[in-house]
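Step one of this worksheet: look at the structure below.
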Amino acid sequence: MDLAEKMIKLSGFVPYEQIDIKVIGLRPGEKLFEELLNDKAKTLQTHHKKIMRAKDQVLCMEEVNDFVIDIAAAAEQQNNTLVVKKLKELIPEFLSQNSIYEELDKDVKIRT
């Protein structure tokens, strides 16, 4: 809200009098924050106290290749739900926000 009010004032208008501000929620695909690490990633110290390194889980190329083949096949069939489901299997930390695919979040199997 502060940003909206400042932008209106900088434009020479009065918030809520000349221009109303409405909170309408997230749009499809919009996120409030960005995840930088997955759930299994570990952070390691560096020479600077505010800079960390991530040590992440590594997938073998065969496993990645299988996912790519499955996703490409689903895309070729124009099966959007299966494409998203496969992407969620590959990246289980990704959760849909304000999306028609939110229901698939419940079915995600975490890789070990």
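Placement of Cβ uses the backbone N, Cα and C atoms for every residue, glycine included.
Where the annotation comes from TrEMBL, it is an automatic prediction and has not been curated.
What TrEMBL says about this one:
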{"type": "DOMAIN", "residues": "1-55", "note": "domain 'Polysaccharide biosynthesis protein CapD-like'"}
The predicted model's mean pLDDT over the domain 'Polysaccharide biosynthesis protein CapD-like' (1-55) is 84
Residue counts for the domain 'Polysaccharide biosynthesis protein CapD-like' (1-55) under DSSP, helix then strand then coil, are 9 helix, 10 strand, 36 coil
